[in-house]
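> The structure that follows is given in the form of structure tokens.
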Amino acid sequence: MGHVLAALPWIGPALILIFGVVLYPAVVMFYNSTRDISQSGVDKGSAGLDNYIEVFSFPYFWPIFGRTIIWVVVVVAATVIISLGLAQILNKAFPGRRIVRLAVIIPWAASVVMTTMVVYYGLEPYFGIINKFLVDVGLVDTPEGYGWTRNPATAFAWSIVVAIFVSLPFTTYTILAGLQTVPGEVLEAAKMDGAGPVRTYWGVVLPQLRSALAVAVLINIINVFNSLPILKVMTGSIPGYDADTIMTMIFKYIQNQHKVDVASALSVVAFVIVIVIVAIYVRVVKPMKEV
Amino acid sequence: MKKSLRFGTAVAIAAVASMTLASCGFGGGDGDDTASGETTLDLLVPSYSDATQGLWEDVIDGFEEANPDIDVKLEVQSWDNLESVIATKIQGGEAPDIYNGGPFAGFAADELLYPAEEVVSADTFSDFQDSFIANAEVDGTAYALPLIASARALFVNNALLEQAGVAEAPKTWDELLDAATKVSALGGGVAGYGMPLGSEEAQAEAAVWLWGGGGTFGDATEITVDDPANLPGAEQVKKMIDAGATQADPGSTDRSPLMDIFVQGKIGMQVGLPPTVGQIEEGNPDLDYSIVPIPTQDGSPMTVGVMDQLMAFQNDDDKKDAITKFLDYYYTSDVYVPWVQAEGFLPVTKSGAEALSGEEALAPFLDVLPDAQFYPSTNPAWSATDGAFKALFGQLQTKPAQDVLTEIQAQADAG
Amino acid sequence: MAVTAPAFETIGPPAASARKRRYTEDQVPIGKVLLRMLAGLIVLGIFILPYTIMFFGSVKTKAQIRSVDPTYFPVEWHWENYVNMWSTPETPLVQNLISTIVISVFATLLVLLVAMPAAYYTARFQFPGRMVFLFLVIVTQMLQPAVLTSGLFRQFLAFDLIDTWAAMILINSAFNLSFAVWIMHSFFAGIPKEVDEAAQIDGANRLTVLFKISLPLVWPGIVTAIVFTFVACWNEFAASLVILSTAGNQPLSVALTKFVGQYETSWHYVFGVSIVAIVPVVILFMLIEKRLVGGLTAGSVK
């Protein structure tokens, strides 16, 4: 007990800030998920588990759930793979490397909404530069371009592209930092042993990156799962629920249907799902394991 | 060295500036409980155009000059964010005193609003046009004050129609389909009819077609989207799409970007509203266009009327007088007419209509206004219905008409 | 040899002995260098493409942006957009920029102030509830902000802080605390205990140890935390939208939405403001890029 008291001055401020700010809204979220709240926002009494029943009985819930998993897995996996390659390039010495490194950082600095908006704008039929380019090189044969953001499948695919794009800087930089720590002697030793570059990478470099990667992937999983703006912008005009993930569905419950209560219930469900995903990840990858 | 010195000075100035400004931004809840007996009114409005913020500021400045004891706090939000902001405020028990929005029946049903007659003088109230007041009534009591109205009409690109060999602007669905198909056939990215069924304002295009076929969304007590009378309109939408008479992907095309394309002469016909005239004036004044009534199944006149309103929330009865003063001031002809004129909408007051009767740009819309049908905005379920149209109506592009209507009805009822 | 530590704590301190890689590191054939430059050029192109579109959009007129006959490059360069956007009727952009700066700077400082001791202590001392604390910290990262706004609004209403920067500083720092604690924790954990112990034997108290001995060693980790927090605060939107109602108090992220009208949007200003919002952050990056790479350095202490 004495230990805990000794710790308080050190961790107390953090606890106060977390409990003081985050706890109450989180409790409100759980509480709202069991209330019947009118469209205007007036609390009409208890709803029991009705909101949860509505969430699960929504005919599109399971497709949306499946799409959410695809979204997280594809974006995170592709981000990691591309980042590994990107980090290799940025780790090599060449004139102008500093500028390239700075460029890679821009999507991190820019707001995700604006990056998405500008891609959306580029993809629009009639106005979009990207569409114009595709028409000019003959890949699209309608003169006004193709409605990439008008069809669920292509809009979702482009959303994945944007999500990967904005996740790259953080992941790449984490790996890049990890690469700095690969001891030069070990690399030389591997070389002496006659290991080729591929074997050196798999046998020496990757294991060294493991812990950095594990943390980066964990953060990416949480962020990608909770990501709303990309899909909101890219698939916003599409009718129906064929391009939605849980996050956009929460948004639609709030914005379109004005059901704060059901949105809260779905948020609680989402919270449970992300905890489960993280738990599975921790189990499989063991980022907390001793190196 | 000199350079870095200058940079340092700039930083210092910026720091001082931000600290001074910080002192106004950091203070908590100023104004609400000042001792001087000053009343603060919170005004939450959406942004209609880039002029909206300035127009309201002018109104407020004028009002505060005449009423130094009342302080009006303006908050402007984009339409995208407006409704989530108001819902959050209401949930927190902090509704604005005056709110400018669309659906109001839900607020009235939750007993949050003052009856309109209690927050404007009898003179102001009697100046509203009767048809608009009727659209703000729930059980015989008006809970909202009409603010602006708009009516829709068909904007026709004369040059494109002529090029396609269409002699006259269409009046019926058959003529429209024929004309639009011919214009589409011109190729080169030209579309015959611009059909925006995307989430932005799907309910408006839905009304154009469903009502044009003799259908209705329902009335104050019942929402009837899944109704046989609505089927012809929905089927006609599919027919237009299948015939290639529209732009590509109508189901997910929003109306604002589509109108930009019409303005630049790539679309034969599209339904527009009064502010569209100003947009053409600004974006492509050379466009050769005309404004005609919306074609319907049998050619009988019909238009979709939309009315936005002001609502006064019951927060604190001490504020009622101040609210009344503000609204009376706002609706005086000298204040209201320039406001509504600048936003390019139709006035809702008798005096306003008189003042703007000579306005040429508004004439085609004032002409069709008598035939206007309105959304069932007095039904508390209208807000949910509106959301259901936005989220689902565009599925007509791929799904059977009946299925889409059934799905919209179900979501509207569940709200 | 790698110091064994839980990977959770292995984002190490700056490997002081990490080798500087220089161009002369190996005798790289010129062909290989050219190949790398080509690869770098492609990467550069891809990463700046969206922002080039953004930048070109920001110097077009409203009409040119929505032209159905788009051009790859602006036909005319309307630099005056960058002047005019500061005095539009829609939003007081100067104040919005100041708001963003004030909120981000103070929130970042608060995060540092609060996260640093917590990270240091949890990394250095075993106590019951240590893992619970670290877990709590991660969980705050998993909550979806969009749904929390209504609770936040009510809470800050009760604090009488609605429409104040103070509210947003508290909110931003609370929601970004987790990552800061987490990463700094790993860095502190990477310092060999002996360093501290030696200092303590010399009679220094814990605070002195923290500030004089440990801090300088984990400086890159702190830089990393600064960048993360700062960027997140800089772009925060959901809470600012409902908490800050006066136009002058709102940050750039909210101000941007003011250019979106019911039927038309001033895209040239939306793009211009976005560019303006990116620049300070990129400059910040530029100043600390080297430290950042060092700061993210994971792995072992040799």
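Quick reminder: no glycine exception, Cβ is built from N, Cα and C everywhere.
Small disclaimer: the values here were computed from a predicted structure and weren't measured.
Quick paste of what TrEMBL says about this protein:
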- A:65-281: domain 'ABC transmembrane type-1' (DOMAIN)
- A:7-31: transmembrane segment (TRANSMEM)
- A:69-90: transmembrane segment (TRANSMEM)
- A:102-123: transmembrane segment (TRANSMEM)
- A:155-179: transmembrane segment (TRANSMEM)
- A:200-225: transmembrane segment (TRANSMEM)
- A:262-282: transmembrane segment (TRANSMEM)
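Mind running through what each feature is packed against?
Long-range contacts of the transmembrane segment (A:7-31) within the same chain, counting only residues at least 6 positions beyond its ends with a Cβ under 8 Å from a Cβ of the stretch, are 264, 267-268.
Taking Cβ pairs closer than 8 Å, the transmembrane segment (A:69-90) reaches residues 97, 100-101, 104, 160, 163-164, 167-168, 171-172, 174-176, 178-179, 209, 213, 216-217, 220-221, 224-225, 231, 245, 277 in its own chain, all 6 or more past its ends.
Within the chain, the transmembrane segment (A:102-123) has long-range Cβ neighbours (under 8 A, six or more residues past its boundaries) at 86, 90, 129-131, 148-149, 158, 162, 165-166, 168-170, 172-173, 227, 229-230, 233-234.
Residues of the same chain lying 6 or more positions beyond the ends of the transmembrane segment (A:155-179) and with a Cβ under 8 Å from any Cβ of it are 67, 71, 74-76, 78-80, 82-84, 86-88, 90-91, 104-108, 112, 115-116, 119, 123, 148-149, 205, 208-209, 211-213, 215-216, 219-220, 223-224, 227, 230-231, 234-235, 238, 243.
Note on the transmembrane segment (A:262-282): residues 29-30, 32-34, 51-52, 54-55, 65, 68, 72, 217-218, 221-222, 225-226, 246-247, 249-251, 253-254, 288 of its chain, located 6 or more positions outside it, place their CB under 8 angstroms from a CB of the stretch.
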> State the non-local partners of the transmembrane segment (A:200-225) in its own chain: residues 6+ outside its ends, Cβ under 8 Å from one of its Cβ atoms.
68, 71-72, 75-76, 79-80, 83-84, 163, 167, 170-171, 174-175, 177-179, 181-182, 186-187, 190-191, 247, 270, 273-274, 277-278, 281-282, 285-287, 291
